[in-house]
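Here is the structure we will look at.
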Protein chains: 2
Amino acid sequence: MNKKLSYNVAIVGATGAVGKQIIRLLEERDFPIQQLKLLASKRSKGTIVEFKGKDLVVEEATPESFEGVDIALFSAGGKTSRSLAKIAVAKGAIVIDNTNAFRMDEDVPLIVPEVNMEEAKNHKGVISNPNCSTIQMVTALKPLYDRYGIERIIVSTYQAVSGAGNQAINELIVQTKQILDGKEVTKEILPVSSLPKKHQIAFNAIPQIDVFEDNGFTLEEMKMVRETKKIFGDPSIQVTATCVRLPIIYGHSESVYVELKEEYDLKEVRELLMNAPGVVVIDDPANQEYPLATDSAGKLDVFVGRLRRDLDHPRALNMWIVSDNLLKGAAWNAVQIAEHLIRNDYNESK
Amino acid sequence: MNKKLSYNVAIVGATGAVGKQIIRLLEERDFPIQQLKLLASKRSKGTIVEFKGKDLVVEEATPESFEGVDIALFSAGGKTSRSLAKIAVAKGAIVIDNTNAFRMDEDVPLIVPEVNMEEAKNHKGVISNPNCSTIQMVTALKPLYDRYGIERIIVSTYQAVSGAGNQAINELIVQTKQILDGKEVTKEILPVSSLPKKHQIAFNAIPQIDVFEDNGFTLEEMKMVRETKKIFGDPSIQVTATCVRLPIIYGHSESVYVELKEEYDLKEVRELLMNAPGVVVIDDPANQEYPLATDSAGKLDVFVGRLRRDLDHPRALNMWIVSDNLLKGAAWNAVQIAEHLIRNDYNESK
């Protein structure tokens, strides 16, 4: 990709929950677009989407779709990325991939711009966007990592259904209405659409996001473990995660216990967070102010509150981290990467 | 209280969320009752409640209400307990108090029957029922405490609105309907009815239960800290808690990280839990089986699953603990105490 005044951009998964947000952000941010290609599965072919006042027709994503594309934003599931991303790269595009397909590949940078944008320089055509629950956590922990170092993290998540896509949002709404109307609940999508058993999400808490690994952790939990180490470039960081799906539409929340490597001053922690890029501190217990999922919806920032010293461990801090999982957790992080790419021309090593 | 064939029982807060469950349990368990007095605030006076096929009239709770009462189950808020419980004791009743009024008093036993029933022997008339989120956690941790010892606990909770009473249940239902109907949301009760600021609970996660203390933790979180130490009789146990209210009607869930004092075998842990009184293990990841709040509703047990070794700490275990907060978390624990009292005549020291 050479530096240009405007770029040919493709969005793969343009009708999905994340794809829709990417389109909205490219429009709002006035991203310098020459041509925008909206791609999706055969099923969504022909869908009309408005972009800057013009109607665009969604096309089926095929190997031929990527001719002349400079930047391709993939968000249509791991299978689509595995079959098409490398083809897009071969045709000259830089791929920013929002799926789990390549995140742990050694030659694929896993980027959160506030944390490790410089590593995007080493890309070989594909840059991965981390998992939503990881992105918001590492964005908030970055200033603490830089100042004190991080020994271990114990995190429990409170995740919105939109992280599982449009169908999961619909399932929550439908089930909620069914329960309020005293009808039987239909279960088709959650917790994992590809697995046989389904559980009610309305008025419930499901301690499973993605499939289980042999160690008893889910893939979502292991994403938080592995991606955190990779993004900080520090395999010594210990991470324990419990990921839970909840009847929330937009906004993931996280209860984070973090043991720093050095003793800290709580006032300094607050100042570091207040000055950290992409982080907003909402932390005024006396006035019952703390981050809330509903307040985060539609916003680009990561919100941090409930900052408090651990009662027992002198180097431990407790915090509550909230962000819109479709924005900073997905679409915004991807668009941010694209904006950095065109500003800084991170393509020397390609 | 002398040993009798049947007892005069009073329920203070008989029309509340917990009081209703106590009445249902006394009926189902065929508790040996001579006379049942249903007491509540002036507002609920005259309410008719069916008990074993007979209509009982709710009376206003006054000092005179406790004449001849053997066992008084209080669940009408701390203020009512503080004004009437000691009067009931002076008139000869044993009080089982479900509020926070006396829990940390040195001369008041804080009882979870599966953990420390023998301490009820030392009561001076009042026995306290612990906080809902504490009860289910210590019930599940008891066999691990006995076998390995417990060094520290880091818990994040997923709490149902019913823990905040009937009005909070109603608020969740009303707000949910308002959102589905595209109407403005009314906020009157949650997170804390006595505090000025209200937050939407429908489709949200509120990281505040009860008032804040000066250390940045909420009272609910500090209850988990203090009560756990008192119930185990072990102030050395370190506890860090984050308590969160969620759009769930019945059933609290808890993500618990526990560091034991000795290394453990996961199979043995599973067996200890399977044989523990009041505990049911639901833990089959391959078949997507784990405890769910909706499945716990209406049941008396504490459900445990997602058992897994920590990835880093050799003595740490992660688990997911779920129970009906109105039953084992409140009404059932209180009725259990009453059943033990009449079986074992724990009133020597009174």
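Glycine is no exception: its Cβ is also placed from the backbone N, Cα and C atoms.
Cβ environment of B:CYS132 (active site, acyl-thioester intermediate): B:GLN159, B:GLY163, B:HIS252, B:ASN325, B:LEU326, B:GLY329, B:ALA330 lie under 8 Å away, each six or more residues apart in the same chain. What TrEMBL records for B:CYS132 is active site, acyl-thioester intermediate.
What TrEMBL lists as active site, proton acceptor is B:HIS252. Other Cβ atoms within 10 Å of the Cβ of B:HIS252 (active site, proton acceptor) number 29 in total over all chains.
In sequence order, no residues are near B:ARG43 (NADP(+) binding site), counting only same-chain partners six or more apart with C-beta under 8 A. Marked as NADP(+) binding site by TrEMBL: B:THR15, B:GLY16, B:ALA17, B:VAL18, B:ARG43, B:SER44, B:SER162, B:GLY163, B:ASN325.
The phosphate binding site annotation in TrEMBL covers B:ARG103. Secondary structure from DSSP puts B:ARG103 (phosphate binding site) in coil.
Shown in sequence order, B:GLN159, B:VAL161, B:GLY163, B:ALA164, B:LEU190, B:PRO191, B:ILE201, B:ALA205, B:ILE206, B:GLN208, B:ILE209 are the residues of the chain, 6+ apart in sequence, with a C-beta less than 8 angstroms from the C-beta of B:ARG245 (substrate binding site). According to TrEMBL, the feature substrate binding site maps to B:GLN159, B:ARG245.
Broken down by DSSP into helix, strand and coil, the domain 'Semialdehyde dehydrogenase NAD-binding' (B:8-123) contains 42 helix, 32 strand, 42 coil. What TrEMBL lists as domain 'Semialdehyde dehydrogenase NAD-binding' is B:8-123.
B:SER162 (NADP(+) binding site) falls within a helical segment according to DSSP. Across the residues the record lists as binding NADP(+) (B:THR15, B:GLY16, B:ALA17, B:VAL18, B:ARG43, B:SER44, B:SER162, B:GLY163, B:ASN325), the two Cα atoms farthest apart are 25 Å from each other. The secondary structure of B:CYS132 (active site, acyl-thioester intermediate), as reduced to three states from DSSP, is helical. B:HIS252 (active site, proton acceptor) carries a strand DSSP state (E or B). Least crowded of the binding-site residues (B:THR15, B:GLN159, B:SER162, B:ASN325), judged by neighbouring Cβ atoms within 10 Å of its own Cβ: B:THR15.
Comparing B:SER162 (NADP(+) binding site) with B:ARG103 (phosphate binding site), their Cα atoms are 21 Å apart once rounded. Here B:ARG103 (phosphate binding site) is positioned 23 angstrom away from B:THR15 (NADP(+) binding site), judged by their C-alpha atoms.
Rounded to a whole number, the C-alpha distance linking B:ARG103 (phosphate binding site) with B:ALA17 (NADP(+) binding site) is 20 angstrom. DSSP assigns B:ASN325 (NADP(+) binding site) to coil in the three-state reduction, outside any helix or strand.
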